[in-house]
Amino acid sequence: MSTVNLTNEDSEYMQTGDMDITYISTSSQQTELPGGAEQQTMRVYLRVRPFSKEELSDKEDQDCVGIENSQTVTLNAPKGSATMKSSEKGIGMSLHKFSFSQIFGPEIMQSELFEATVKSQMSDFVDGKNALLFSYGVTNAGKTYTIQGTPKQPGILPRVLDATFQYIGGHLYDGMDLKPYLRNDAQYLDPDQVKQEKSAKAAIFASVKEECAPLGSSGLESCSALTSNPTEADSSQFALWVAFFEIYNECVYDLLQASLGSKSKKRSSLRVCDDGAGNCYVKDLRWINIHTLGEASKVLQFGNKNRSAAATKMNQSSSRSHSIFTIKLLKIEDGTVTQISEFSLCDLAGSERCNKTKTFGERLKEAGNINNSLLILGKCLTALHNNQTEGMKNSYIPFRESKLTKLFQAVFCGKGRASMIVNINQCASTYDETLHVMKFSAVAKQVVLVIPDKPLKSLGPCLVGRDGKPLVKNGVIDTEALESFLSEEELLDEEDEANMSLAIENELANMIESLRTKLLAERKRNLVQEMEIRNEMGDAMLQQLMESEELRSRQIEKLKESFEEKLENTFEIYKDAIREHAYQSAMNNLEDDYVPVDEFIAEQDKVETLKRKVSELEGLTSSIRGLCAVPTVDQSCQTHPYKSTEAAGDDQCKHLYKEKCAIDSICEDKQQLIISLEKRLKDINVTLQNARDGYLAKSSELDDLQRKSKDQTESMEETLWQNVENDREIASLKSELAKLSQKPPVQLKPKRGLLANIRDAVTSPRKTSTSRTPRKTDRTAHP
Ligand code: ADP
Ligand code: MG
């Protein structure tokens, strides 16, 4: 441990305009306000963690933190820190002085810290008032060590629980049938509900190993008893309920819900609700009734396990969430709850500002939310301070802007007492963050809380307005006292005041003036830089948008082409199949009745020659008949002079007649053949007609298919139009983006032109693509 030496090496920086800045100190001073209210500053303590062995071997010990006395600490920027660099440029200081309600060095024991910080809040708590304790600081500064501690070195939480059990003594209420409800109320549980409570508790205890309890009572040397234990004669009893939850990324998660077993299941977050009287509470938060310190230890262990499991599952560090352990003390008299008080211990997320390498997507959002809730906490404390110092000026207190401040709004507004333990390490490598922490807490510790004189005897919640200010003011803040408390003289050390001559004062005034101009210049530079960064970011985003857009349109084009090709192919296949089918069915019909043409012609020729023969023979027959008629008419002539010729003629006639008969029968046969052939011909004609009909039906089917494909192309067109619509939306978003990046008035004109150009460049290829679309679909519709 070291104190700061301003001579030798530091004098150089002193000469370049360095000076001490003392942040306003708070004392534990209390002022009686008219109306009985008690005004008290919120106590802010500082705890400086000892170096670890690794830090010492890494040469982290560079005398950065100097504890001057129990209330003042000096931060001295090490070489290489950003603070030192800017100080060398004449901006900012290399040496800072801060005051706290009390400062605890590395040697301080857990028990001493408890005695010196939370003991008075402890008395409030058992007395029916609310208490809130924050641990604030960067990761690895000792926040969790301060709140929870280790089995051998128990922290504040086990000590609060231990002190509460000590206070309760034999007055513990055994039943589990009176449970906290909403924020400030209690409810009766029926036997079934009590059973449920018991099984929930048993389930938690069953999954916790006995041996590694973090709140080992082994490490708890009994602390000095609280002042007012309930007397033996007192019939009142006490029930103790605890809850453990975390706020991560502005979502509240119950650490006592055993829902993390299944790997795929996402943690469900809980809602923060208003009980109608301005008090916020976590809806459906699990409360566990505890009877011993050991039980509380198991609950804490269960919650811690849940917390780290959730963090590991999401690949996050648990230091990014605020974890809150709340103890509710119910005072029970004659079977009814007559008083409820709560003690919340809040292990805040690491206050380090977001790392540049992690500022993407979810991480950026997360970092934003964590820093935001701490920022809102700071803002609330500042606003509270302003309201009280500037004559109750109604400046807006943004309690509702983060879950954390929303939940503890009532405590800040007088329904209890809040305190903060700021944890820092002394490492040179994290000096800048440590300085940031100190500056934040310098604001925090100026907050003045108004504590109502009369404790809230009834369970009725105090009415608090939307701005977080109590509606019922039972006291006006004594602005005069406050002003004198924060007056100029208070800002300066007594010694400084004595030594300060007029000349120095003038010199200081000049210095302030020059610093002011430097500050202005710096601010201007920062503004320009910010604008440049904004522009760069805007351009980069635009570029990215354009690229993704181009990729998308290319993909769509490809998709369209492949679709068209597929359609055409299917179409061809259908056409071929139909043609094949028509041909096949025609062939099938033909095959049955098929007569080769040659055969048909030969047959016809035969018929022709036969016909000719028949007509010849007919001619011959008629001539023969003419000849035969004479002897028939006059038979005597036949036997008379021409007897020999008559016999020869008769023979020939007979022969001819026979021949004629044979030819007649042949003719008849041929005639029948002709008839059958003609019939066949007719049949063939019918078959052909059928084939034609079949073909026509198929072609109408083909038409249907064509119509269908046309419909498909139309729907495709519609999709494309939708795309165009989307493109337009993107374009409008882009223009918004462009507007946003044009925000600085100086850059307005040229930037708008540039962005417009880029926008045109983005939109024009899209236009051509849309005009191309119908042409393509036309082609596919009418192949
Ligand atoms: P935080 O919660 O702020 O991230 P931790 O409480 O986890 O930091 O502390 C970081 C480490 O430093 C732990 O190993 C812790 O045991 C140790 N540590 C913190 N404060 C002290 C202290 N006052 N004395 C001894 N060891 C400490
Ligand atoms: Mg921690």
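For all residues, glycine too, the Cβ spot is worked out from N, Cα and C.
Curation plays no part in TrEMBL annotations; they are all automatic predictions.
The domain 'Kinesin motor' annotation in TrEMBL covers 41-447. Residues annotated as ATP binding site in TrEMBL: G137, V138, T139, N140, A141, G142, K143, T144. Under the heading coiled coil, TrEMBL lists 546-580. Residues or ranges marked as region 'Disordered' in TrEMBL: 741-783. Taken from TrEMBL, the feature compositional bias 'Low complexity' covers 763-772.
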Would you mind sorting out which binding-site residues among V138, T139, K143, T144 put a C-beta under 6 angstroms from ligand 1?
T139, K143, T144
Report the binding-site residues (G137, N140, A141, K143) that meet this criterion: Cβ distance to the nearest atom of ligand 2 under 6 Å. Use sequence order and write none if nothing qualifies.
K143
DSSP state at K143 (ATP binding site), helix/strand/coil:
helix
Taking 8 Å from the centroid of the Cβ atoms of G137, V138, T139, N140, A141, G142, K143, T144 as the cut-off, which other residues in that chain fall inside it around the ATP site?
R49, S135, Y145, S319, G350, N423, N425
Cβ distance under 8 Å to T144 (ATP binding site), same chain, sequence separation 6 or more: which residues?
S135, G155, D347
Check the binding-site residues G137, G142 for other C-beta atoms within 10 angstroms of each C-beta and report the one with the most.
G137
Would you identify which of the binding-site residues V138, A141 has the most other C-beta atoms lying within 10 angstroms of its C-beta?
A141
For T139 (ATP binding site), write down the residues of its own chain that are at least 6 apart in sequence and whose Cβ falls under 8 Å from its Cβ; none is a fine answer.
S317, S319, G350, E352
Can you give me the same-chain residues 6 or more apart in sequence from K143 (ATP binding site) with a CB-CB distance under 8 Å?
S135, Y136, G137, D347, L348, G350, I421, N423
Ten-angstrom check, please: count other Cβ atoms within 10 Å of the Cβ of N140 (ATP binding site), all chains counted.
18
Mean pLDDT across the domain 'Kinesin motor' (41-447) comes out at 85
